[in-house]
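The following features are taken from Swiss-Prot:
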type	residues	note
ACT_SITE	H826	active site, tele-phosphohistidine intermediate
BINDING	K26, R120, G135, T139, Q186, E300, Q312, R314	ATP binding site
REGION	5-317	region 'ATP-binding'
REGION	330-755	region 'Rifampicin-binding'
REGION	410-430	region 'Disordered'
REGION	768-866	region 'Swivel phosphohistidine'
Amino acid sequence: MNNVTERYVLDLQEIDESQVAVVGGKGAHLGSLSRIEGIRVPAGFCVTTDAYRRVVAQSPSLDAQLEELSRVSPDDQEAIRTLSAEIRRTVEEIAVPDDLAGAITRALARSGERTAYAVRSSATAEDLPTASFAGQQDTYLNVVGPAAILRHISRCWASLFTERAVTYRRRNGIDDRTVRMAVVVQQMVFPHASGILFTADPVSGNRTVATVDAGFGLGEALVSGLVNPDVFKVRHGEVVARTISAKQREVHALLAGGTREVPIDAQRQQQPALTDAQAVRLVELGRRIEARFGRPQDIEWCLVDDDFHIVQSRPITTLFPVPESADQENHVYVSVGHQQMMTDPMKPLGLSMWQQTAMVRMHEAGGRLFVDVTQRLAAPASRAGLLDLMGRGDPLVRDALETVLDREDFVPSLPDAPPAGPRAGAAPEPVATDPAVVTGLIERSQASLAALRRDVLTKTGPELFDFLPTAFEEHKRVLTDPLNFKAIMAGMEATWWLNDKLEEWLGEKNAADTLTLSAPGNVTSEMGLALLDVADVIRPHPQVVEFLAGVEDDDFLDELAKVPGGTEARDAIEAYLDRYGMRCVGEIDITRPRWSERPGTLVPVILDNVRNFEPGAARRRFEQGLQQARKKEQEVLSRLRALPDGERKADETKGMIDRVRTFIGYREYPKYDIISRYFVYKQALMAEAERLAQAGVLAEKEDVFYLTFEEFHDVVRTRQIDDRLVRQRKDAFRAYQALTPPRVLTSDGEALTGAYRRDDVPDGALIGLPVSTGTVEGRARVILDMAEADLEAGDILVTTFTDPSWSPLFVAVAGLVTEVGGLMTHGAVIAREYGLPAVVGVEQATRRIRDGQRIRVHGTDGYIEILS
């Protein structure tokens with residue numbers, strides 16, 4: 001083989017998955033497939049990325065076109081459409097150099113020039129473990145003759161710039177100038193049947209269930225949607241379900257090259273494309289391929305004379321990963337993010353820090369954290385307690401868990417264990433209804449936090465990392481104080497008691513929502529009201545308002561002081577940040593930028609408050625809530641006294657109202673304490689990262705976000721970092737951003753989101769969990785980023801989740817709809833505190849409700865109507 005051929009053409013037998021940069025993702029996979037014993041891969045070769053680079057270098061105009069494309073927004077589809085079409089034309093018009101054409105022709109001659117081939121694109125960013133580009137570049141079947149093959153190779157090069165492929169790369173942060181295209185040229189096989197094998201169920205995620213899609217003829221009939229496939233579900237070597245479709249057409253190869261659609265005889269349309277035995281045998285081959293690549297695969301196959309040929313295999317990148325387990329037993333995991341109102345992926349340092357400081361062991365998968373509840377589901381008493389608690393908080397979690405429990409033998413039965421938690425509505429823990437209990441807890445927390453701030457100042461380098469585990473233990477000691485748990489549960493149980501008893505006695509739903517308005521000591525609701533006070537300072541100064549409207553970065557506070565009225569405005573903002581600046585969206589991830597680090601995040605909210613409220617709004621709002629709560633209390637007690645045994649019922653209810661108002665505000669304080677400590681940890685850790693960056697150990701200080709706490713410690717100790725590991729973690733994090741975490745996940749990989757089992761809502765309504773009573777109609781504002789908020793009075797906030805950092809927006813809206821949440825999650829608590837009708841846990845709310853639509857939120861009954 002001469003040097004030109006060696007550089008530009010590689011036989012599939014010469015290729016493995018380490019050569020992605022040379023032969024692209026598809027080529028690397030096919031080369032690896034051809035090395036697996038028992039797997040038949042059609043013979044062929046790969047035209048390398050060096051050939052692509054050689055060809056496109058002949059067109060000076062291409063660099064300018066790619067530079068222009070790099071500046072286009074991924075949302076500007078018209079510009080992408082126009083530019084990508086121009087680039088494709090440019091690439092197709094470039095002549096293939098004679099020496100390259102000769103190398104390709106010589107490779108073809110080994111099988112005979114009249115042999116039919118499939119010509120397939122293979123991009124360097126394609127079919128990788130973290131991103132599958134299926135269908136984004138072109139494949140041409142039954143291509144015959146050197147001239148036709150060279151022409152179709154050029155078309156494959158050009159298909160690197162299809163509109164869909166460019167948009168995908170732009171959205172996933174992949175530079176179009178860095179990707180290269182190889183081309184796979186494989187001998188055609190002419191199958192009786194063909195299709196796709198998923199070695200894991202692509203819908204449920206279950207790794208034990210393989211799905212086979214099958215049709216007659218070439219696979220293009222399935223890929224193009226020309227026919228509905230036969231579907232076989234195979235588990236543990238047995239077909240457990242099959243659907244045989246009426247297959248009216250198939251795609252055949254033409255003798256002269258190309259393909260055509262042909263009708264299928266009526267008597268053959270209902271015949272299965274595969275027998276059960278063939279489907280099982282195909283899955284066995286798929287399991288072998290899956291084992292070779294180490295993850296579930298999406299495999300294209302052809303059946304010729306009862307032999308399966310594999311023409312492509314790529315990772316299934318849409319599956320949610322499964323937590324690692326030390327055994328082979330069944331496990332059931334519950335999402336932590338759904339309880340914490342933060343379902344975005346976390347970076348490795350964030351995951352590691354939350355695990356270090358958590359009260360229970362947590363398992364990582366897909367950049368999220370999960371708790372293993374298998375043991376608690378196994379025994380009747382603990383199962384009942386867990387399901388009751390989950391059912392009160394998030395019915396979708398309970399439904400998902402019950403779905404798993406309905407599967408025979410998935411969760412083994414164990415003898416009774418103590419209940420997982422107190423039964424909802426039961427008598428509260430024996431803690432006195434005394435505000436001094438809450439005051440004492442807060443004082444002890446503040447003293448511990450002050451000691452942490454003092455002690456951490458003296459620690460750097462390895463000494464810091466030796467100290468922090470001790471700080472984590474103190475962190476957990478404060479949180480696990482038995483009185484802390486009793487105070488939190490007292491407020492929650494009193495809420496449940498009031499809602500249960502007042503619905504039973506008076507027929508009134510969710511009465512506690514009104515009875516808890518303006519409850520004292522809620523640090524999160526106080527945070528939202530405090531930003532109204534900041535707006536009061538700014539409102540009288542038009543030049544300050546104008547200055548803030550033009551803020552584009554986070555270094556604005558010093559410049560603000562130079563504007564008339566700016567000193568007072570700066571002082572008010574800084575005072576707010578001193579108390580609440582440790583907070584941010586997704587605050588359980590220590591790597592997320594805090595308000596103190598990015599104060600510009602708050603500017604749009606401040607300006608909305610300036611525009612939408614009159615001076616003194618915070619005080620008035622609190623007083624209005626307080627008066628509503630008192631009025632409701634008097635009304636409820638009066639109605640109870642008119643009932644049989646009314647005095648007893650009224651006395652018990654009065655005690656519970658006092659109890660809920662004493663303790664429910666404290667529900668938000670432990671999270672405030674956690675995040676306050678996190679900011680102290682972060683400041684110390686980032687000072688260390690800054691020193692490492694200045695010393696040249698780190699390329700940038702934020703690289704430590706992609707290390708665990710222990711790995712960060714090792715870097716500080718050794719002054720060395722594994723740059724390759726950091727790059728891999730960054731790629732994985734980008735992939736995790738495209739995944740939606742399930743509420744419940746099994747060790748088989750099955751992702752369960754749960755369902756609402758209700759038939760009491762209007763047709764077309766969106767169902768959710770009612771968490772704050774009342775009905776409101778208004779304009780939907782679909783907001784995914786708090787920094788982009790633009791709200792007016794009467795708007796209804798629609799978003800994915802709301803952790804405590806969103807509470808400043810709550811003061812400006814009339815209602816709340818979220819995709820994630822439960823009865824006692826932070827957004828629900830604050831919605832009740834502010835008297836906002838709210839429905840949470842509405843699946844895909846941000847997609848099903850369009851920004852600007854008029855909607856009606858039924859916060860008492862738990863559904864949303866779209867009005868326009």
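Just so you know, glycine gets a Cβ as well, placed from its N, Cα and C.
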Can you grab the distance from Q186 (ATP binding site) over to H826 (active site, tele-phosphohistidine intermediate)? Cα atoms, rounded to a whole Å.
-> 57
Determine the Cβ neighbour count for H826 (active site, tele-phosphohistidine intermediate): the number of other Cβ atoms within 10 Å of its Cβ.
-> 23
Between the Cα atoms of Q312 (ATP binding site) and the residue listed as 'active site, tele-phosphohistidine intermediate', find the distance and write it as a whole number of Å.
-> 47
Reduce the DSSP letter at R314 (ATP binding site) to three states and note it down.
-> strand
Where T139 (ATP binding site) falls in three-state DSSP terms = strand
Work out, from DSSP, the number of helix, strand and coil residues along the region 'Swivel phosphohistidine' (768-866).
-> 23 helix, 32 strand, 44 coil
Same chain, 6+ residues apart, C-beta under 8 Å of the C-beta of R120 (ATP binding site), given in sequence order | K26, T139, Y140, C156, V183, V184, V185, Q186, Q312
Between the Cα atoms of R314 (ATP binding site) and H826 (active site, tele-phosphohistidine intermediate), find the distance and write it as a whole number of Å.
-> 41
Which whole-number value in Å describes the distance between the Cα atoms of the residue listed as 'active site, tele-phosphohistidine intermediate' and E300 (ATP binding site)?
-> 47
Per-residue Cβ crowding (10 Å cut-off), top of binding-site residues K26, R314 | K26
Which number gives the other C-beta atoms within 10 angstroms of the C-beta of Q312 (ATP binding site), all protein chains shown included?
-> 24
Helix, strand or coil: which one is K26 (ATP binding site) in, per DSSP?
-> helix
Report the mean pLDDT of the predicted model across the region 'Rifampicin-binding' (330-755), rounded to a whole number.
-> 94
Within 10 angstroms of the C-beta of T139 (ATP binding site), what count of other C-beta atoms is obtained when all protein chains are considered?
-> 21
Which chain-mates of E300 (ATP binding site) that are at least 6 residues away have a CB under 8 A from its CB, listed by sequence?
-> S194, G195, I196, G219, I310, V311, Q312, S313
